[in-house]
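**Student:** Got a structure here, written out as structure tokens. Questions coming.
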């Protein structure tokens, strides 16, 4: 651990974790660890400092003697030293680790609080003014102990947080603006194209020269809407990058003018009827109205590339879908979510007052809890119970809905499992209430029906864990009995009758065990 | 013929099923799937007890009904059903897996607590010795692992350690390899003989009863046959 240079003492002394050899990117000085380098950067290259010039005024004291490190230190005014703890050989201990200080482990005063530390426990730097007070602006860097470092105002142990949200928004808005401009351009072209085409159609419809003129005029119009790319220079489809050829023909997108293929599988471009396009983007200011001018009957179509289609129509379709009423499952799920929110908000209050009550009865078993509290608790529980009931009903209703496709079926199953888990988890505190209320005697017997209702929802006197274990056992037992049955079938074929006797005996045992577990589980078994 | 119920216990993937299959079918499958629940197999062997009984000169046929249980935690609740009433339990561990011996110890404890020591023969088996052939005994040599053979693994449990434990607990002990078949047959011979010794009195008294009982115990089937002269009989 040898470092060169003039101000060399602190970094190498402080290397607690010798991680790697790092060197300063500015002066190429070598350091033993990152911490030392950081400090070097802070102090000598004035990172992390608003102050203009800061000479290396660092000084360290060993055994109370100040060793001047740099010649410039002479000019620097001395830091207050009156509060420094005097070193007494063999008596002074490091404030942090408690070891007796000697030359070997060093003895340095924290420049702020003045207490003595060994070299290892003076790892931090702090800006101090001459009377050893924290001075973040004009102060100079001095060693300080961990306590002083942590206690300085504005300290946090997660580092500096810089809010980049605004910067991000700026960048994002720039991108978004670009996109919006492009969309506007496309929309303008689209409106012009549609207006022109419909006008042309109306002009020539029914005329003898329709076929002759229409195509010609159309392609002319289309070229005015957007400049078409030159065919000759383009060899690959702009979207799928397949080479054009005899089988893969070139087509122009009528909105962006790019050259794309018409592969039906990759959907790079599509020929779409005007009527359909207009109705899909009915918010745009067309000269013609879909219904009034019966655009859907116009047999004119335009070719659009998939990029333009997605730009123009995907957003519109999305917002339309959002506005549409939810399908059955989703609507039910949303109301389930609302109820679970209610439960989540009520439960903590309920648990708190329950715990208070428990504490009271625990302290003084004869004391009858305040009826007001009890009433409040009963009211809360009633509310919660109703919510749980509603939740349960909603889940049942949701399960009854016939899913439209297999994705919905999966969703339905997941929701079913999740809601069962939710009820199991949340209903636990409700269970403990009757236990408190019951010893109170007939006074609380009034809400008997509620308690019963509760026990219906609850798992009878078993914790969730027990039920889980029993269910697991039941599952294993059923698996095993199935296995044994199939083994019996096999052995029957092989005529190994003696083994079948043994297996049958085991099967009986299994069945009786299954019966026991099932009766233990009661209604909580598998249906 | 004597019948004994035998159960295999131990951590998952220590080679319980492989040992049984080596014994019953004399095959070894490198890629055996893990057992589900408990598998049933049976196999008969002949033992030659030298108890001076002339009837046993030709050897005694012993039939093992083997329950090969799954080692996975999930199936733990099944095990009691199979080790209950068992005559012998093979507790298997993997000599290359440190914690498999601990699991084996747990099984031994459970067996001793729940079944009782007297009637049950517990056999501690260290499997997979073929993986550590280069290191025949307790000395663990690191070099063997550097050999080109990837299969070669470092022995994690020394023979001495397991042997000492077996002696303390009064278990039979052996290290075997289901892959090479080393020692597998011997286990069952040993168990058969041990069980025969334990049950000798019982067995002998049964045999004697059979011999002495003579025809008294037999049923004369002719007596039960319907008389052909009986008009009420259907078989006229």
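A Cβ is built for glycine as well, from the same backbone N, Cα and C atoms used for every other residue.
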**Student:** TrEMBL tags one of A:48-75, A:76-103 as region 'Disordered' - which one?
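**Tutor:** In TrEMBL, residues A:48-75 carry the label region 'Disordered'.
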**Student:** Taking only the residues in the domain 'FYVE-type' (A:231-313), give me the average pLDDT of this model.
**Tutor:** 83
**Student:** Just to be sure I understand, if DSSP states are collapsed into helix, strand and coil, how many residues of the domain 'FYVE-type' (A:88-153) fall in each?
**Tutor:** 9 helix, 17 strand, 40 coil
**Student:** Helix, strand, coil: count each for the residues of the domain 'FYVE-type' (A:231-313), based on DSSP.
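**Tutor:** Breakdown, helix to coil: 18 helix, 16 strand, 49 coil.
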